[in-house]
Amino acid sequence: MHSTWQPAATIKQLKQRADILNQIRQFFVERNVMEVDTPAMSHATVTDVHLHTFKTEFVGPGYAHGQPLFFMTSPEFHMKRLLAAGSGCIYQICKSFRNEENGRYHNPEFTMLEWYRVGFDHHDLMDEMDLLLQQVLKSGTAERMTYQQAFIDVLGVCPLEDSMDTLKQAAAKLGLSDIADPEQDRDTLLQLLFSIGVEAKIGQQVPAFVYDFPASQAALAKINPNDSRVADRFEVYFKGIELANGFHELDKPQEQLKRFEDDNTKRIEMGLSPQPIDHHLIEALKAGLPDCAGVALGIDRLIMLALGYDHIDDVTAFPFPRS
């Protein structure tokens with residue numbers, strides 16, 4: 001049976017969405033941040049073990065055997081190539097794709113705002129993002145806490161120092177023993193504790209910025225020069241929903257390449273296929289990435305929260321079931 005042809009969101013809701021997108025663009029115009037447009041597909045993709053990509057194949061002239069292509073999970077790699085080419089501060093509002101969940105807060109194809117500020121570190125970027133959130137959400141000044149403090153305050157355990165057994169005991173108190181007890185990977189266990197135990201307890205009245213994530217979860221962020229246990233990475237939560245993920249961007253090509261290779265090793269150990277590494281990005285880092293910070297923000301979730309709805313379908317014209 002076919003689903004209805006009509007949009008999930010009303011025209012009134014879509015006009016409200018358009019108004020917020022205009023607000024966001026004006027925010028960056030006022031700060032002289034250039035809007036850019038990068039490919040939705042690439043020959044390479046992310047290696048992160050927690051991200052699942054859509055894959056297709058180009059079979060045009062010169063590619064009789066097919067050229068694998070991946071839909072981008074974010075525009076990060078292409079935008080960093082622009083930064084290395086001298087673009088200066090840039091932002092993009094685009095479609096991103098993740099072959100994962102479909103539901104209240106997830107759609108396989110979603111709208112992302114990503115921006116990079118040359119000369120900023122992650123604290124500077126949190127300051128700027130706080131201003132944007134106050135404007136769009138009509139919220140107060142965000143609260144800030146380290147990843148370590150969030151765990152200690154909410155769960156009574158230290159994510160940087162406590163043993164796996166202690167972390168599993170915390171999971172047991174949340175009724176997660178069946179998932180946590182067999183888990184051997186520390187970061188997977190920490191992410192379980194954070195998503196189930198911490199997220200719902202922070203950022204209820206105003207958005208919460210959580211920063212200084214474990215170095216093992218650095219992804220594309222720099223390691224903190226004053227504490228090698230943590231990375232210059234932050235995430236943003238509001239009313240139990242993850243809104244954004246930001247970095248003081250890593251600019252060392254060999255370290256970034258090693259992280260990608262380590263991810264692929266981990267993927268193989270987990271029974272997942274290794275992913276093709278984006279060597280264009282590595283070459284761009286070799287050419288020189290300016291000191292900068294960047295963040296990716298989920299637009300659909302932001303608009304849903306700003307307008308007081310409880311499902312992203314309420315602010316999306318044609319979500320996955322109707323697409």
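Using N, Cα and C of the backbone, Cβ positions are placed for all residues, glycine too.
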(request) Write down the one residue from E235, E242, E249 that Swiss-Prot lists together with S74, P75, E76, Y116 as binding substrate. (result) E249
(request) Sequence order is fine: just name those binding-site residues in S74, E76, E249 with a Cα within 10 angstroms of R98 (ATP binding site). (result) S74
(message) Among residues R98, N99, E100, N107, E242, L243, G298 annotated as binding ATP, what is the maximum Cα-Cα distance? Answer in Å.
(response) 18
(request) Write down the Cα-Cα distance for P75 (substrate binding site) and G298 (ATP binding site), rounded and given in Å. (result) 13
(message) Within a 10 Å radius of its Cβ, which of these binding-site residues (S74, N99, N107) has the fewest neighbouring Cβ atoms?
(response) N99
(request) Please state whether DSSP places P75 (substrate binding site) in a helix, a strand or coil. (result) coil
(request) Starting from the Cβ centroid of S74, P75, E76, Y116, E249, which together make up the recorded substrate site, report each further residue of the same chain whose Cβ lies within 8 Å of that point, ordered by sequence. (result) F77, H78, M79, K80, E114, L220, G294, A296
